Amino acid sequence: MARRKIVAGNWKMNGSKESIKQLLSELVVHENADVIVASPALYLDYVQALAPKGILVAAQNVSDQDSGAFTGEISVAMLQDLKVSYSLVGHSERRSLYAEDDAFIAAKVAKLLEAKMTPVLCIGETLAEREAGDTFAVCQSQLQAVIDVVGIDAFSDIVIAYEPVWAIGTGKSATSEQAQEVHADIRQFLANESTVVAEKVQILYGGSVKASNSAELFAQPDIDGALVGGASLVATEFNAIIEAAK
Ligand code: PEP
């Protein structure tokens, strides 16, 4: 089954109204891949208003709560109010810098799914975990924590982003073979519970994806696109990655 490719940019805490306007004006979208940009929350409405047709908008994070006394948080309903239909969940920076654990991340995934929004669930191992030979086990347990809460069938409506922590923002991407090996294991792990879901689910690779390595990554059978950090802020780089996903 051919899965549609997704190229998602994670702008992290970067940009200004001026730089966002410039970047969006330079992006070139193709019909045969979905292009998503995950903007800082403050700019989501602005990005929605300016994004050329074909660019979908994502939040970088969302609350696990509906509303109330949760200072600084942004709810699923607020995202829906802005017609934002995707949110990253469990990015490694959220896990490591803000102590988000698997249960908390699973609760956020559940909230998004209840609202018919699409979570982009980020998983991946640290360098120490890879060196200890625990890569598959770490990814599987991060997935299992979410399966335990939302069930396997819900993964038809979830996008997975495999992002080895050691490759994020380091310039040191996983090789296409390393990435494919983990993507295949993730798909097999899901297939143990549902082959239908495993065939359907889109698994993105993230970690120092750039124009020069994207085509090789996208050529792998279980890599369905990319979650791109630094290179998504540079129009020529991001455009070339989108082009490679055709
Ligand atoms: C990310 O932030 O999700 C990411 C993959 O960053 P980078 O592409 O800069 O490694």
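These residue numbers are counts, starting from 1, taken along the chain as shown.
Glycine too: its Cβ is placed from the backbone N, Cα and C atoms.
Binding of substrate is annotated in TrEMBL for Asn10, Trp11, Lys12, Gly169, Gly229, Gly230; the matching candidate from Ser141, Ser194, Ser208 at the same site is Ser208. A coil conformation is recorded for Lys12 (substrate binding site) in the three-state DSSP classification, outside any helix or strand. DSSP classifies Gly169 (substrate binding site) as coil under the three-state reduction. Counting in whole angstrom, Gly230 (substrate binding site) lies 14 from Glu163 (active site, proton acceptor) by their C-alpha atoms.
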